[in-house]
């Protein structure tokens, strides 16, 4: 079994690396269920509208119902994924998108092939083949994806973090000790700094108790790495202390001087 | 480690916002054209965002920053480096008269293999029926073929085509959808290294061979030709072309001696598979109409000679179309 990955790394011709978040089988299954519901609703609605033809001919009504049902079931995925560039209603709701596995946009033939090959993926019942394939393939691909060279990625809404959360305009009592600041920069690892920054940016999302606990741990970590004099830290809350440290870590030296 | 995120963001954010706006514009309108200046600006913004992402590389910037820039760069990368087919530019006439027959001829070996598998199946089906005629019910999945051919011919000639009166359109659409599903299955099961395609083609051949032998043995060869030829000369080749597509898929999957990766091999045949299955769909629509509205009428309503002649003319035209159409024209785009 190939080792599965949750991200796909792409290296552009310019030498830039970026990663795409691969969608797991569960979210894909949920999107599929939504799509099945859409197909059922569309087929039923069209069949109801076509019932008008029954006034003219029952034969024509039946023929049109059969044809429209077939066209919708085959064409829904193809039409949506082509028009919405890799998304169906289900995928839009679940924030998923089909993409070329090289990070490029989908070609029409890719969309057609991955959708027509659903017939194999759905064998013998309930998408068993497709499910097993996506659980065992490295990039979570069902057979249709393997043939069409596509992947399904997660596209969560990503917003630029709000740096005002850092509160860097406030007085920083630690800045008065440049030799300790220099040591702090030396001692704190990149990962620790990033975790602290992330905690500050997302602090409003945290539960009050969790927020207190998180900043208590972070402040304790930084205090253990460099000890600032009492007058610099007395009366400073853990969160304020972490904010001061992060400001010092992420500011350019030139700006401070 | 030292990066002034506030200053970095303040400087770059206007460019990221501009890129985001441009991306939304091109993503929401696939037909959108930016023009030379717009494209140059788009490329500049993409490069600037990429440079920003590179700056964050190896630095302790928070994950959200990276995710945000990655999402911008990924979207812009897809737009800039992709050459997307333009569905609006598909010319049906060129596709039908050039692309489809050219694609068919390009993979003629797989078609020949599909024909061979069907013939082997037909011989097998005929042989089984000869050896064990009592197995007819098992061999032929359609109820109307289980009885005696002579009785069926007499019954249908007596009914004079009234059997389907008031149901022809329904029958036609059922045939179209059923045959198209079989064809799609025939192509799609090529993904099982061709095993599924071979089984379907073989089974199709078994049914065909058993029916032909059954009617010939009963002395109903003329009826059989009059009944099968008008739609069969299109329907059977359509299934064979679907099998051809399945075998193209299987050959590509196996990729013996190509030296290319699976993805690279697949990229070469996507367009061909789509073209072949599209052509099959069209052929089956025609076959469905002919079967419901023409094939079901027998003598005395329609002389068998007319039906056979119709089928022969269709077959000649199909051979001419697949063998000659699009020769000398622009070679259809591949992959």
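In case you wondered, yes, glycine gets a Cβ from its N, Cα and C as well.
Feature annotations, courtesy of TrEMBL:
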type: TRANSMEM; residues: B:113-132; note: transmembrane segment
type: TRANSMEM; residues: B:182-203; note: transmembrane segment
type: TRANSMEM; residues: B:210-230; note: transmembrane segment
type: TRANSMEM; residues: B:236-257; note: transmembrane segment
type: TRANSMEM; residues: B:269-289; note: transmembrane segment
type: TRANSMEM; residues: B:301-323; note: transmembrane segment
Residues of the same chain, at least six outside the transmembrane segment (B:236-257), with any C-beta under 8 angstroms of its C-beta?
-> 104, 107, 110-111, 113-115, 117-118, 179, 182-184, 186-194, 196-197, 200-201, 204, 208, 265-266, 268-269, 272-273, 276-277, 279-280, 283-284, 287, 318, 322
Same-chain residues at least 6 beyond the ends of the transmembrane segment (B:210-230) with CB under 8 Å of its CB atoms are 122, 125-126, 128-130, 136, 139-140, 145, 148-150, 153, 290-291, 294-295, 298-299, 302, 304, 307-308, 310-312, 314-315
Per the Cβ filter (under 8 Å) with a sequence gap of at least 6 from its ends, the transmembrane segment (B:269-289) is approached by 95-96, 99-100, 103-104, 106-107, 172-173, 175-176, 179-180, 183-184, 187, 231-232, 234-235, 237-239, 241-242, 244-245, 248-249, 252, 332-335
